[in-house]
Amino acid sequence: MSVHREKFKPLGGPDGGNGGHGGDVVFVVDPNVHTLLDFHFQTRLQGGNGRQGAGSNRDGANGDSIRVSVPNGTVIYSEGEILADLTGAGAEVTVAHGGRGGRGNRALVSSKRKVPGFAELGEPGDELSVVLELKSVADVGLVGFPSAGKSSLIAAMSAARPKIADYPFTTLTPNLGVVSAGETTYTIADVPGLIPGAATGKGLGLQFLRHIERCAVLAHVVDCASLESDRDPVSDIDALEHELAEYGGLADRPRIIVLNKIDVPDGRELADYVRGDLEKYGWPVYAVSAVSREGLKELNFAFAKEVVEFREAQPPVETTRTVIRPAAIDDSGFKVKRVKPAFEGDVEFIVTGSKPERWIGQTNFENEEAVGYLADRLATIGVEDALVKEGAVPGSFVRIADHEFEWQPTDPNIVATVAPRGTDARFEISDRKGADERLAERRERRAEVLERVAKEEEARGKRRKR
């Protein structure tokens, strides 16, 4: 709040600038970030506060927005709904907007208030809880039962160095590798081993399956090193396809069957034995060895061919800056509800509505003029009339948002209508003095003037005698 002061301009008028808006919270994909580990230690993010406005019509600076780096493939949820699915370097989304800055007294000038002695408070910014989930972004996903050799395969085809051991569930998080085949470069993901019931959450199935949602090609890695009585390559593939179908959304992805570990004793014989049974799927079948690297070149180019065809079939995607905005709300209405007070002095009427509640938050209740401005705004949209219709009288306790107050109408017609005759409290607080008080003041001023004139005459007489 400010009033212009300048020489030879006695009526400079209000010149208080508006406050700055609060900063936003923006998530942006950074190719150098690969995990969400940082969010385990920093769970609250907040944009900067806007600066206060100043005199000479100077608006306050906006608060600093914070840009939070997240890995490629981050999905942002709020209340169970997807807010954004960030893929591609530089993709960004604004999930929380800073609050609007309050207006200075320059913007509040009206025919009724020539020089407002107050300013609006700023509005609070968006506040929400979000859940971040990382889904691997890979072109080829290796799926299979535990110990099928998926980690060994990705290590043989790329520079990735996943943990490899001779026991199941060695891999608990996806491993990504970059593979080149001629002029084609693609990424391959080693998805942790699946078990029957994975689609319903058994084991860590749901956490594993989400990482293959974006894959262009799915490769069934089958272990040919051992032949168990209750398992064979065909039943393994059927079980995995059942889990993929239960999870959903993967039916249109091309498949490739990889018969791994043909370098071990009886591995090649088993691969040749089941190859005829696998023809029923109509998918390409490759027999390979991650140890001897046999068949990896052919498999590499087969993956590249499928990836290229998938990419060419996709529509061009432009990296855009996504802005999440809340759904538009009609703030023109309000409701007045009468409640039965439990004790004397309790709230009798509750006013709800986007606009009245927002105005409450913008009002400095320590400033009487600001409170009067709020009362005028509420009366303008019809809150006073609605209160009268519900039976409110001057002195009734009203609640708007989290603020309770004793209602006194601004319209004198309402006072005359709903209040008992002679009970208007404004007559008791009037600054106008009575006739006796004004007469007494005139007599005091006249006596002061006569006394001052007498003293001046006495002083002039003494100077003449000298």
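Keep in mind that glycine also has a Cβ here, set from the backbone N, Cα and C atoms.
Annotated features, as they stand in TrEMBL:
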type     : residues                                    : note
DOMAIN   : 1-137                                       : domain 'Obg'
REGION   : 1-24                                        : region 'Disordered'
COMPBIAS : 13-23                                       : compositional bias 'Gly residues'
REGION   : 46-65                                       : region 'Disordered'
DOMAIN   : 138-308                                     : domain 'OBG-type G'
BINDING  : 144-151, 169-173, 190-193, 260-263, 289-291 : GTP binding site
BINDING  : S151, T171                                  : Mg(2+) binding site
DOMAIN   : 326-409                                     : domain 'OCT'
Could you check what DSSP calls K150 (GTP binding site) once collapsed to helix, strand or coil?
helix
By DSSP assignment, list the helix, strand and coil residue numbers for the domain 'Obg' (1-137), in that order.
8 helix, 36 strand, 93 coil
Using a Cβ-Cβ cut-off of under 8 Å, list the residues of the same chain that are 6+ residues beyond the ends of the compositional bias 'Gly residues' (13-23) and lie near it.
1-4, 47-66, 97-109, 114-116, 119, 122, 125
What whole-number Å value do you get for the CA-CA distance of S151 (Mg(2+) binding site) and S289 (GTP binding site)?
12
For the binding-site residues K150, K261, the one whose C-beta sees the most other C-beta atoms within 10 angstroms:
K150
Folded-back contacts onto the region 'Disordered' (46-65), same chain, C-beta under 8 angstroms, at least six residues removed:
2-4, 15-26, 96, 98-99, 101, 104, 106, 119, 122, 125
Validating a neighbour-count step here. Other CB atoms within 10 A of the CB of G144 (GTP binding site): how many?
24
Which whole number is the mean pLDDT over the domain 'Obg' (1-137)?
86
Counting across all protein chains present, how many other Cβ atoms fall within 10 Å of the Cβ of S289 (GTP binding site)?
22
If you count Cβ atoms within 10 Å of the Cβ of S151 (Mg(2+) binding site), leaving out that atom itself, what do you get?
24
